[in-house]
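Visitor: As listed in Swiss-Prot for this protein:
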type: ACT_SITE; residues: His112; note: active site, proton acceptor
type: BINDING; residues: His163, His165, His182; note: Zn(2+) binding site
type: BINDING; residues: Thr260, Thr261; note: substrate binding site
type: DISULFID; residues: Cys61-Cys264; note: disulfide bond
type: DISULFID; residues: Cys194-Cys198; note: disulfide bond
type: DOMAIN; residues: 38-322; note: domain 'Alpha-carbonic anhydrase'
type: CARBOHYD; residues: Asn101; note: N-linked glycosylation site
type: CARBOHYD; residues: Asn135; note: N-linked glycosylation site
type: CARBOHYD; residues: Asn297; note: N-linked glycosylation site
type: SIGNAL; residues: 1-20; note: signal peptide
Amino acid sequence: MARTGALLLAALALAGCAQACIYKFGTSPDSKATHTGDHWDHSLNGENWEGKDGAGNPWVCKTGRKQSPINVPQYHVLDGKGSKIATGLQTQWSYPDLMSNGSSVQVINNGHTIQVQWTYDYAGHATIAIPAMRNQSNRIVDVLEMRPNDASDRVTAVPTQFHFHSTSEHLLAGKIFPLELHIVHKVTDKLEACKGGCFSVTGILFQLDNGPDNELLEPIFANMPTREGTFTNLPAGTTIKLGELLPSDRDYVTYEGSLTTPPCSEGLLWHVMTQPQRISFGQWNRYRLAVGEKECNSTETDAAHADAGHHHHHHRRLLHNHAHLEEVPAATSEPKHYFRRVMEETENPDAYTCTTVAFGQNFRNAQYANGRTIKLARYE
């Protein structure tokens, strides 16, 4: 009965939305993005992420004990005995420039973030310490428990994409930053547990600066699509200096965490750089417009809605979780028919024109540390 009531409330809300509605990032009806599993967005910053992936597996966003992001403690807390990563066990990064040939590097608006991907064999990598003596139970996060004199080997972590969040997802001693970049790496060698792929993420924070634009961000920010589910090929000869986006001071905090978006899978090794890079006010505003809120109008004719007696302006993804309405017990069949009709009428994203009208955001709230090991690496 409660579910039926929720459907009726949603129906009333949707019906009350006349020719123009405001949609948060990830819910725009003109989106060309395709998704598997249950739909999600950042409207509640992850507090409502309960659902399943495309294979029917439940997300662990609300049940996991090692979730990301976190509030990184003060330096003096991490400088205590046993809370440092020894120099010989610290992660090393090597990122040559990304170079576009006109179609090999793409800036993507996927409805959740602005993401950069490439289609060629990029030579960049990070190397992560692991125990020299291993067994099938060893994991990518074992470096957190290694002692300074432990015999070690290294695995190679290959970057597969990077993307942004605003505001920052990680906090440094409670401080929030305007932007955070995540470089996602995949590890497939040496560790038995990683044959299917293990992941490590490097987080880079950005702080506002009164100076000019950060030229390292410009090749990306100058090519950000604003329509969800679309991408831009960087022009031929365009270079992204990924290595220079890493701070010159490579101090970092590392811990075991998760993806910061559904399904929120755990077992990732996180590195959060403690020295922020800079971003101008103008660049921050441009990013927030790229993930901004949209006012959308239907371009369909009134006749298409004549049978309903009023105009509809809906988003099919808003109704994604009601795909099986025939299973909903109801005192009346009207909610079923109403929502089925809405879904049928809103399958065409080109039936809408959308304009950005407000800054947006795409961050997840900080999660409880739950007693996890968090270590500081002082880069020397």
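Using N, Cα and C of the backbone, Cβ positions are placed for all residues, glycine too.
Computed from a predicted structure; not experimentally measured.
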Visitor: Starting from the Cα of Thr260 (substrate binding site), work out which of the recorded positions (Cys61, His112, Asn135, Cys194, Cys198) are within 10 Å.
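Guide: Cα within 10 Å of Thr260 (substrate binding site): Cys61.
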Visitor: Do you know the mean pLDDT across the domain 'Alpha-carbonic anhydrase' (38-322)?
Guide: 91
Visitor: Can you grab the distance from Asn135 (N-linked glycosylation site) over to His182 (Zn(2+) binding site)? Cα atoms, rounded to a whole Å.
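Guide: Between the alpha carbons of Asn135 (N-linked glycosylation site) and His182 (Zn(2+) binding site) there are 30 Å.
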Visitor: Are there recorded positions among Cys61, His165, His182, Cys198, Thr261, Asn297 that sit within 10 Å of the residue listed as 'active site, proton acceptor', Cα to Cα? If so, list them; otherwise say none.
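Guide: So the list reads His165, Thr261.
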Visitor: Cα of Asn101 (N-linked glycosylation site) to Cα of His163 (Zn(2+) binding site): how many Å, rounded?
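Guide: With the alpha carbons as reference points, the distance is 21 Å.
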Visitor: Radius 10 Å, atoms counted are CB only; among the recorded positions Asn135, Thr260, which position scores highest?
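Guide: Going through Asn135, Thr260 one by one, the largest Cβ count within 10 Å is at Thr260.
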Visitor: Compute the mean position of the Cβ atoms of His163, His165, His182, which form the recorded Zn(2+) site, and then list in sequence order the other residues of that chain whose Cβ is within 8 Å of it.
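Guide: Near the Zn(2+) site, the remaining chain residues are Thr113, Gln115, Phe162, Phe164, Glu169, Glu180, Leu181, Gly203, Thr260.
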